[in-house]
Amino acid sequence: MLYQQIQSNKRRTIVLLFVFFILVALVGAAVGYLLLNSLETGVVAAIVIGAIYTIIMVSNSTNVVMAMNHGHEIKNADQAPELWHTVEDMAMVAQVPMPRVFIIDDDSPNAFATGNNPEHSAVAATTGLLKIMNRSELEGVIAHEMSHVRNYDIRISTIALALAAAITLLTNIGGNWWFWGSGDRRRNDDRNGGGGLQILLLVFSILMMVLAPLAAAAIQMAISRNREYLADAGSAELTRNPQGLISALRKLGNAQPMKDVDSSSAALYISNPLKNKERLFDTHPPIEERIDRLEKM
């Protein structure tokens, strides 16, 4: 059953990533039209930028993501014995190599995994998580992260993060340049003889500038929700004790948001680190629903 869930999750994620690439191309077309009056140039530029972002993130994702989230690497068990040994044990059970281990200095309990593949992965936990979780709860959380590593969710998340960052960059460039630089020229061109097609393309381009970041967030949300349910099930399988993760999720659900977190990395965490802050899209399923699914296992 779990194998079937993993395969289904991979198929859905492939579809979502394909939609993501299409969105990058559409944003590129919009930026190209606004800045250069060329849809084709914009599409090519967007694909190149998206590819560069993806290559950079995939090849160096751990260092980039940990720097964005202020993670400090621990090199041996003496620095954080409980966390180190829990990661070591869960990696052994999941039959994946021991990942690099990081600690984030934040009182809010949370954790995430990142990397390119099980051979190049990392797990981070906040100081708040280590303070409030007992042994079985910590095992449940770390097993959840090991499931992300084992299922290659970390690579998918890295690619999605890179594409979302590329879309943000493109829309910022297009919006700022058009509105503050060439906007007057463009509007004058439209008034002085722009036909219906030009007006339609202009409206499309402006709408893309506004809606593309929201669409990117929605796709990230869908990818993240698929990952979280599957990783919860994987945690229960690895620990053979779903109650540990259930208890941990209850504590996570009552926690305050993290003080200093990179918003583009929010989908990586086991629990939404931006909770109680206004967000149009939530990258995580409701805690209550996750607990309900675990209790039925």
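Here the Cβ of each residue, glycine as well, is placed from N, Cα and C on the backbone.
Within Glu40, Glu73, Glu228, the residue that Swiss-Prot lists together with His144, His148 for binding Zn(2+) is Glu228. If you draw a 10 Å sphere around the CB of His148 (Zn(2+) binding site), it holds 27 other CB atoms from the protein chains shown. Compared over the recorded positions Glu145, Glu228, the count of CB atoms lying within 10 A of a residue's CB peaks at Glu145. Each residue in Ala113, Glu145, Ser147, Asp153, Arg227, Leu230, Ala231, Asp232, Gly234, Ser235, Ile270 lies on the same chain as His144, His148, Glu228 and has a C-beta within 8 Å of the C-beta centroid of that Zn(2+) site, without being one of the site residues.
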